[in-house]
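Student: Once you've had a glance at the structure underneath, I'll fire off some questions.
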Amino acid sequence: MGQLLVVISALSWTMLATGTIGIIGNILTVLVYVKLGFAETINISYVALAVSDLCCILSSMVAGFCYSPAMQALLTHFRLQVDLAKFTNFIGFWPQFAFSRTTAFLTAWISLERCLCVLFPTRVRLIITRKVTKIVITAIFFIGCCPAVLAYVEIETGWSFDPNTNTTVLLMFYSSGSDRNIFNGIATMLYSVVYSLLSWIMVTTCTIFLIIRLRQSAKWRSANASAVSGADRNFPNIQRKVNMRENRITKTVVMIACVFIACSLPKSVQSLVVLIWRHEYSAYGSLRSLVVLNAGFAMLLGEINSSTNIIFYIITGAKFRSALKQMFFHKS
């Protein structure tokens with residue numbers, strides 16, 4: 001148990017450090033795309049993804065802080081006792097669940113948007129307008145966060161005094177008297193199975209389809225570009241610019257999707273295990289220490305996923321790099 005506490009403490013500090021970097025990166029992402037404007041709907045989606053990632057990081061940092069030595073020092077100073085597993089579950093894990101699934105669906109939406117741009121290049125602006133994008137993003141946030149609200153239904157808190165330790169105990173429980181209720185079960189089912197599978201299938205399918213279609217499109221344009229007469233001398237340059245832009249989009253989407261798939265796998269497995277063996281492997285069961293440890297590693301990977309997108313934007317986006325440089329090296 002002593003070694004486990006050391007690992008959890010080190011993990012919590014790592015999450016706080018990683019989260020700080022992620023917060024800076026996502027704030028910069030929002031500022032840059034606001035500066036670039038929202039003439040392209042993909043910029044709206046990128047901003048929404050950055051906001052969701054920012055909330056995901058903040059909730060992960062809250063959960064990490066609860067298991068840090070600083071939290072233990074605060075509890076000791078104010079002579080308080082609290083079940084950290086239950087306490088962190090409600091103020092850290094459930095919000096992180098909500099925003100991580102929101103991030104997953106936003107990633108799927110960005111991939112789908114790119115697919116439509118390839119399938120219907122001349123009509124996509126009529127299909128995906130700014131109004132449609134705003135409605136879809138609002139719906140994704142609503143769907144992603146709603147189940148987390150169910151987890152808080154019928155929860156109650158109370159205070160008790162422990163004369164043996166001369167401390168005040170914070171109690172958290174459901175009004176039914178059990179560790180869970182039906183609403184908690186619904187939220188767990190949605191986040192652990194339904195949302196997890198849907199996001200994985202959507203992200204993987206859209207990304208693979210996007211790569212295949214872009215490669216086919218690039219080959220078709222390359223084959224037909226040689227047949228164009230020399231009357232339009234600017235055509236080859238335009239063609240190269242289009243191909244370069246499509247390659248940048250492909251790289252951005254593929255990198256975001258691959259990092260998401262790799263980083264979300266442990267959390268998805270953790271959620272399924274909790275659902276299957278929820279009486280033993282849960283925050284209320286006999287294996288709660290192992291649950292907390294594994295959840296900490298899964299949340300750290302989630303933080304990494306939410307913190308790396310700005311790197312991809314810098315690598316593939318010339319306008320993003322230019323706007324970012326202007327923010328720091330602006331000359332009047």
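Cβ atoms are placed via backbone N, Cα and C, with glycine included.
Annotations per TrEMBL:
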type	residues	note
DOMAIN	25-313	domain 'G-protein coupled receptors family 1 profile'
TRANSMEM	6-34	transmembrane segment
TRANSMEM	46-70	transmembrane segment
TRANSMEM	90-112	transmembrane segment
TRANSMEM	132-153	transmembrane segment
TRANSMEM	189-212	transmembrane segment
TRANSMEM	253-277	transmembrane segment
TRANSMEM	289-315	transmembrane segment
Student: With the transmembrane segment (46-70) as the reference, which stretch in 189-212, 253-277, 289-315 has the largest tally of C-beta pairs below 8 Å?
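Tutor: Looking at each of 189-212, 253-277, 289-315 in turn, the most contacts to the transmembrane segment (46-70) are made by 289-315.
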Student: Taking 3+ C-beta pairs under 8 angstroms (sequence gap of 6 or more) as contact, is the transmembrane segment (189-212) in contact with the transmembrane segment (90-112)?
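Tutor: Contact between the transmembrane segment (90-112) and the transmembrane segment (189-212): present, because at least 3 Cβ pairs are under 8 Å.
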